Amino acid sequence: MTTVQIETDKKMLLQVAQEIGDHLVSTAIWDNTETYCTWLGARDIQDRQIAKYSKRIAALSPEFYSGTAGVAYFLMELFHITQHPPYKAVALGAWLRSAHYMQTNDFPASSISFYAGELGLLFIGYRFLEIAKELANILTPQLNWLCSKLDQGLQTKHSLDIIGGNAGAIPPLLELKRKYQLDIFEKVAIDCAEELLNLGKWKDDMCIWASPKVHGVELDTPPTTGYSHGASGIAVGLLEMYHHTGNPNYLSYGRGAFAFENSLFNDEEGNWIDTRYPQVKRNGKIWGTFRTAWCHGAPGIALANLRAAFLDTERRDFHLKMANIAIRTTQRSVLERIKNNPEKDATLCHGILGSSDIIFSYAQKLNHPELMAFSRMVSSNYIAKFKNKLSMPSGIVAGGYNPCIMVGHSGIGIHCLRLVSKEMIKSPLMPVL
């Protein structure tokens, strides 16, 4: 790819991010005081009496995954790059709306959840403070309130996985501790890790967590593989704590989690089976359903092994080997999806650009220019297929536009920014890498 083509692609990607940002600015719905804003978007409704999935249009919830907090994060970073004041104003309105909603409503998620609770809002609030120090008087009281909620998270119903609970809480809590030296961050991170140790069950060299505990809901499934809901996500959380404390128990349990997951690896597929579906051993190999998304399968597991290589240095070479296998599987998958099913899902959690974003994270971390170029080319060519960028398919099962970050257009926007920015913008898929 020539330098001219690279710069052309970067210009297009920034324009797409700005187009999404401009749409968010123009469609924001403000309260009467013009302090808080939100958006309308498609939401899935699961009702087996009507249909497996149907769709409704509703105001966004407050959290990072599918709510106003995630939109705020995209708009903050867009402001940081462009210095266009409306992006900052709307980002602030969205972030404050999330904080206000969590303060004034019974919200079901645990406060330790990065993607669904107060922790995600806190993490991006501190990022907002880095970008716009002049807003300290507005942000600081809300940040203090969010900090005060963290210690309650383990006393309420919560999961253990990356999405909703302990494993996903540990990396951002330790990052906040390193930056801001508040003891509460370390305390809650240790409590999260200790609960993981208490609930892990050993089988030979493998450590296993029961599905209902991992997901926080009663699922009649075997223990799960994968990053966002499974073993490698828990492993990363424990290895982060080992790297921070030097406590060998965290190392042992983290390695045990990877041992369980790798017992379900198929080298011919370059992937790990999804244990929610039937599986069989044939000729000494495990066969079943293989997923290729951040939430399940090789792409997310690539990130887990990549991070583990920098946390468990004795096994660095092994984790880099597994990460490389998973990234090659992700490359093949994303090309197949663009060729065969481009209208399905463009978004971060389980869509085409999410896989590209993971490839880009891997390439950035390991300084791999060819893979960076691959990710940028794949994303640019895919996005160029859509004349109307707002028509790119969301990750909503029933279909329809959604402005959120993990299954909507803010996530497409942040991915575009990551591909063009000279700074390392944190990926929503692994904010601490």
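The backbone N, Cα and C atoms fix where each Cβ goes, glycine too.
Feature annotations, reproduced from TrEMBL:
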- C295, C349, H350: Zn(2+) binding site (BINDING)
Extra residues within 8 Å (Cβ to Cβ centroid of C295, C349, H350), Zn(2+):
S228, A293, W294, H296, L348, G351, G354, G395, M406, V407
Within its own chain, what residues at least 6 apart in sequence put their Cβ under 8 Å from the Cβ of C295 (Zn(2+) binding site), listed in sequence order?
I163, G226, Y227, S228, H229, C349, H350
Please give me the CB contact count at 10 A for C349 (Zn(2+) binding site), counting all chains in the structure.
24
Taking 10 A as the limit, how many CB atoms besides its own sit near the CB of H350 (Zn(2+) binding site)?
22
